[in-house]
Amino acid sequence: MHGSALLCCCLVLLAGVGASRHQSTLLEDDCTHFPASLPHMLRELRAAFGRVKIFFQMKDKLDNILLTGSLLEDFKSYLGCQALSEMIQFYLEEVMPRAENHDPDIKNHVNSLGEKLKTLRLRLRLRRCHRFLPCENKSKAVEQVKSAFSKLQEKGVYKAMSEFDIFINYIETYMTMRMKI
């Protein structure tokens, strides 16, 4: 019995190691498949934004730009991962909830846009693609965006939503750069 129990333990251990190696391979495969879905996800974001774009751009009467070149530079730098994460969080938690309340006709469209952004965020987190989100530092450019947004008060929502297409372009730039690494 002692020998068969030892053999059984060894088989269980080997099965566990094999399963964990298979799981690791699946996670790595999922990671490598993420970039293939990027164009589709960006198209969905752009289509969802297209449903509210005119509304917010018509209401945005300000000449200044909220999403500046310094934010794009952070997206291109080693802080790109954090800048992307912080900007997604900013739009989901600060901008979109306020934008939904501006007109009942656009509420569902803004909500749909938010769901698409959440899907992107979930894909980044659940896949644990460290190649795409490898760092933990804070982005100064994102802090500047948030500060400018706050100073604009009610007009900040129009400004941030009217520039959402710029944000999508920055996401695309960041992800395209990361795929090449």
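Cβ coordinates come from backbone N, Cα and C, glycine included.
Under the heading signal peptide, Swiss-Prot lists 1-19.
What Swiss-Prot lists as disulfide bond is Cys31-Cys129 (among others).
Neighbours of Cys81 (disulfide bond), defined as other CB atoms within 10 A of its CB across all chains, total 23. In the three-state DSSP reading, Cys81 (disulfide bond) counts as helix. The disulfide bond annotation in Swiss-Prot covers Cys81-Cys135 (among others) and is backed by similarity to another entry.
Taken from Swiss-Prot, the feature N-linked glycosylation site covers Asn137.
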